[in-house]
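*Asks:* Sharing a structure below in structure tokens format, with a few things to ask.
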There are 2 protein chains.
Amino acid sequence: MTAMDELPLVLVHVLPPFEIPFKGRLQSRFQLIDSSDSTFSPHASVLLCVGPAPVSSDTLRHLPSLQCIVGSSAGVDHIDLEECRRRGITVTNAGSSFCEDGADFAIGLLIDVLRRISAADRYVRAGLWPMKGDYPLGSKLGGKRVGIVGLGKIGSEIAKRLVAFGCRIAYNSRNKKSSVSFPYYANICNLAANTLGKEGVIINVGRGGLINEKELVQCLVQGQIRGAGLDVFENEPDVPKELFELENVVLSPHKAIATLESLASLQELIVGNLEAFFSNKPLLSPINLD
Amino acid sequence: MTAMDELPLVLVHVLPPFEIPFKGRLQSRFQLIDSSDSTFSPHASVLLCVGPAPVSSDTLRHLPSLQCIVGSSAGVDHIDLEECRRRGITVTNAGSSFCEDGADFAIGLLIDVLRRISAADRYVRAGLWPMKGDYPLGSKLGGKRVGIVGLGKIGSEIAKRLVAFGCRIAYNSRNKKSSVSFPYYANICNLAANTLGKEGVIINVGRGGLINEKELVQCLVQGQIRGAGLDVFENEPDVPKELFELENVVLSPHKAIATLESLASLQELIVGNLEAFFSNKPLLSPINLD
């Protein structure tokens, strides 16, 4: 048996309400200390972030010995990456843990909006089918032009699925990808002009702030686009009430990437990254800071 | 201009409420006569079925000159095919018009049930997200075993999509298909034993009668299977009311195969089959009666 104070020290940034098995598993291997406990800050070499709480340059200033930040999200916008790069602090993210589930959910929302699945489910449950007859027809997915904003891990999985549905794919991203032959749009407005329009639908499984929500609501209410499937919102868990009455939207409580399986996979990855760090092996999901 | 009585005669079996453009289009090329009008029955060479109303041996007896039945559905169980074969009457079906949309919808229902999209949409619309917090996690599609009952046109399109989602596919059908390498189960119960179970979900986009509905409802209420996505029911438009209260089902008013695009495609096919028949060209979507 190892005495607890011999376990490697892991500073936890904004200690979250862990699932018990996972917390227990971490505690059997690491000494978990809340990052607000300043006794240990000068000595901590690794910071575990189990949530998107900001890791600012100010946070980093109080951690002079920090060598690694183990993250748990796909995006790492909440971490001051510039400062990490300057100080040579390595950063890991969720790797591929979430990408398949995120892609599945995006496709599910897309089919739902085009084919009106949630809306028709409400119709049936309200007992309207025998009373009012056939539900209005939806629109076919196959053959549609789909513009993907960001062809990273999730975007690439989305593209792979859409190919099987016979969609015509184009994308926008910081750089043209040499690995795919889909048309590339350096300018997101040009992508939208070629794939969206009045009959188009918007799916957002990224972040609420990516879209001007007020304008989106207005477009949906006024019929300037056909519909939307939204998993994320600007001020979660608040969702604009105007959307509640619309039949052409599907609303989801920020769960595109989260399944029982993806969280289990993420926990493996976090433990694996911490163990790799302390045994001087290569990290499992380092991000490129160059 | 052609006088109406010079247009080829097309008997219409159980005259339906056509979409006007399509009816107009048919009427510009063919003389449409209701099959209940016995004046024309002895002379009619072609019968158009725009719906699943039965074409029994009795119906066929009153049509001694019949050479061709132009159908509009994927399945042709409603037609006495044995009698058609005996008399050398050719039969057409909906061909591929519906198969992509049917497959898309099946995938949409599957993702919806596993990831709880419709249920979560209700949760958000009811304003519960800020009050009750996170919605329970769903389950990942990738890696799941999926059993497909019937690997015809729709089943094959479903399989093609599921491959892109990383599912492990097996199937049951009358005969093993040499064109695919998925495991084949001659016995549907063996297929279910290997792919369904307590954590499994059932998707039905075929016919309500394929499943014992009472037993299915009981299984869902008692949690003997995880969930279901149902587009078809035994006594449509009636849906068992016990299902209305369940969070683990998605209910759809028999619209898996119907989109604006698939109906347009079907109309093209029907007109094409009729024109081919009257000009002695090969039919576009004949079914094999041997």
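Note: Cβ is positioned from N, Cα and C throughout, glycine not excepted.
According to TrEMBL, the record shows the following:
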- A:42-288: domain 'D-isomer specific 2-hydroxyacid dehydrogenase catalytic' (DOMAIN)
- A:107-180: domain 'D-isomer specific 2-hydroxyacid dehydrogenase NAD-binding' (DOMAIN)
- A:195-256: domain 'D-isomer specific 2-hydroxyacid dehydrogenase NAD-binding' (DOMAIN)
*Asks:* When secondary structure is assigned with DSSP, how many helix, strand and coil residues does the domain 'D-isomer specific 2-hydroxyacid dehydrogenase NAD-binding' (A:107-180) contain?
*Replies:* 35 helix, 11 strand, 28 coil
*Asks:* Sort the residues of the domain 'D-isomer specific 2-hydroxyacid dehydrogenase NAD-binding' (A:195-256) into helix, strand and coil with DSSP and give the three counts.
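*Replies:* The counts are 18 helix, 13 strand, 31 coil.
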*Asks:* Roughly where does the domain 'D-isomer specific 2-hydroxyacid dehydrogenase NAD-binding' (A:195-256) sit in mean pLDDT, to the nearest integer?
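*Replies:* Here the predicted model's pLDDT, averaged over the domain 'D-isomer specific 2-hydroxyacid dehydrogenase NAD-binding' (A:195-256), is 95.
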